[in-house]
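Marked as domain 'FAD/NAD(P)-binding' by TrEMBL: 5-347. Residues or ranges marked as disulfide bond in TrEMBL: Cys49-Cys54. Per TrEMBL, the feature FAD binding site maps to Lys58, Gly122, Thr163, Gly164, Ser165, Asp332, Met338, Leu339, Ala340, His341. The annotation NAD(+) binding site is assigned in TrEMBL to Gly200, Ser201, Gly202, Val203, Ile204, Gly205, Leu206, Glu207, Glu223, Gly291. According to TrEMBL, the feature domain 'Pyridine nucleotide-disulphide oxidoreductase dimerisation' maps to 366-475. Sequence annotations record features per position, and here TrEMBL assigns active site, proton acceptor to His464.
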Amino acid sequence: MSKNFDVIVIGGGPGGYIAAIRAAQLGFNVACIDEWKNDKGGPAPGGTCTNVGCIPSKALLQSSEHYEHAGKHFADHGIEVKGLGLDLAKMLGRKDTVVKQNNDGILYLFKKNKVSFFHGRGSFVKAVPPGEGGTSGSTGDYEIKVAGIAEETLIGKHIIVATGSNARALPGVPFDEESILSNDGALRIGAVPKKLGLIGSGVIGLEMGSVWRRLGAEVTVLEGLPTFLGAVDEQIAKEAKKAFDKQGLKIELGVKVGEVKAGKKGVSVAYTNAKGEAQTLDVDKLIVSIGRVPNTIGLGAEAIGLKLDERGAIVVDDDCKTSLPNVWAVGDVVRGPMLAHKAEEEGVAVAERIAGQHGHVNFNTVPWVIYTSPEIAWVGQTEQQLKASGRAYKAGTFPFLANGRARALGDTTGMVKFLADAATDEILGVHIVGPMASELIAEAVVAMEFRASSEDIARICHAHPSLSEATKEAALAVDKRALNF
Ligand code: FAD
Ligand code: NAI
């Protein structure tokens, strides 16, 4: 016996579970299928983000930052800490509890919104022609098999694919999660390694490198590109690199990684450095963080002729429509930045489009945050992008060194930078490196959504003393009239 639904969502990560909830809010009969298992074999919805991504990494970043502060910075505040110790098992356990709270929260939300949850792998079986037992008379539906504890057959009028992404491995070097780690293994190393290597100084490399450095590992990051954080505004990336160097996070740029050998004693990485010299990095553990690949494994895309691109991503248009009628795809499995909030926005927009509404995602105002210390956050265009496009712009920066709240916090690294159109003053990009950049960037996103000018921000009253005053001052600096610097 098959079960019929208006909308079936395959994948319960941020793209999928949010799409399911929004579709249910709009009055549809919705199913969500997710295969992630917790350590007891039970359901663990929330995808990469909740289980081995955003949430656990932020939990460990927070814990490790407390540890570093207690050891290195409390003394500046006149707080003496004697006998500081690290209970790594407890720290990892706390992280697992935070993850479970999020898994349980999603199961609760499914119940609250009457979304039928199926624990297992969903795959396309076939398109059901009109009039052959489907739910709709005209367009035809899709038959989806769920391979879980019990096998189920579901029929859906609309299918939303949100199957996410997987870590990319170095060619010929599979993850064993013991010594060669993906993001999964990187979040559950049982003892602080004496020496830790990372391949790739992107977002994961910097966040996970920071966690384990703060906990006591000697960390070396090998990066293929000659520039550090190439997608980030150059001035901001330079400032961040200075801070990481000072912390002792060793980042080697412009390397070419060769043979990687894992043995009982650890991992040996042969590489050529930027000068072309042959080098070897010997470490206890190696995290490979060189990007992620869209996940369509076992989806049965071929069974219905769903079009994938050469990277394996599902081909979609700006509205997340795939090559097939009533099949949609959102999140990491399609083009665009691999970010949880981008996946969520696409999920909401698709549910609304299915309901005949005009869901919309503005890709120009998707913020990026790297949760290191200092945090790095940005929205819109970088100075190098504006230069390359030939657009005339004005820039204004304000350092946290001149911000009273940052001084009180004892964290004055970094700056806020505004880029605005030279003629209209419309904000084109905002870039922050420094304390709480992750929270400060929200003001810039709102401003850009409303197509505000830097003068708009400069004339808004900001609370004193607050880090957000640095945002106002950077906006004032666009017109060369910062007040406190
Ligand atoms: P996913 O979260 O990957 O979810 C897909 C789900 O579908 C999974 O549960 C998977 O098991 C399931 N699935 C796949 N195929 C099937 C199938 N056939 N049947 C049933 N279920 C299936 N982004 C941020 O915005 N902020 C951060 O701080 C951040 N930190 C990150 C840290 C790390 C270490 C990593 C790896 C990623 C991080 N990301 C972060 C990126 C973020 O996790 C992803 O962009 C986000 O999870 C994408 O959501 P999604 O719904 O597209 O896919
Ligand atoms: P990434 O794309 O951010 O960085 C990968 C880095 O590896 C790049 O700098 C690249 O030049 C380098 N690289 C690639 N191949 C290499 C090789 N063979 N040798 C040496 N260097 C090599 O990818 P990462 O860090 O794996 O993260 C994946 C994605 O997950 C991110 O792009 C982001 O979308 C998401 N994410 C988001 C976070 C956030 O929002 N805070 C946190 C973590 C991940």
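Glycine too: its Cβ is placed from the backbone N, Cα and C atoms.
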10 Å Cβ neighbour count around Glu223 (NAD(+) binding site)?
23
Considering only the recorded positions Cys54, Gly200, Glu223, which residue has the minimal Cα-Cα separation from Thr163 (FAD binding site)?
Cys54
For the C-alpha pair, I'd like the distance in angstrom between Met338 (FAD binding site) and Glu223 (NAD(+) binding site), rounded off.
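Here the two Cα atoms lie 20 Å apart.
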What counts of helix, strand and coil residues does DSSP assign across the domain 'Pyridine nucleotide-disulphide oxidoreductase dimerisation' (366-475)?
42 helix, 33 strand, 35 coil
For Ala340 (FAD binding site), which of the listed recorded positions (Cys49, Cys54, Gly202, Leu206, Glu223, His464) have their CA atom within 10 A of its CA?
Cys49, Cys54
Do any of the recorded positions Ser165, Gly200, Gly202, Ile204, His464 touch ligand 2, in the sense that the CB is under 6 Å from one of its atoms?
Gly200, Gly202, Ile204
Could you tell me which of the recorded positions Gly200, Gly202, Leu206, Glu223, His464 have their C-beta within a distance under 6 angstroms of some atom of ligand 1?
none
Measuring Cα to Cα, how many Å separate Lys58 (FAD binding site) from Cys49 (disulfide bond)?
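Rounded to the nearest whole number, the Cα-Cα distance is 10 Å.
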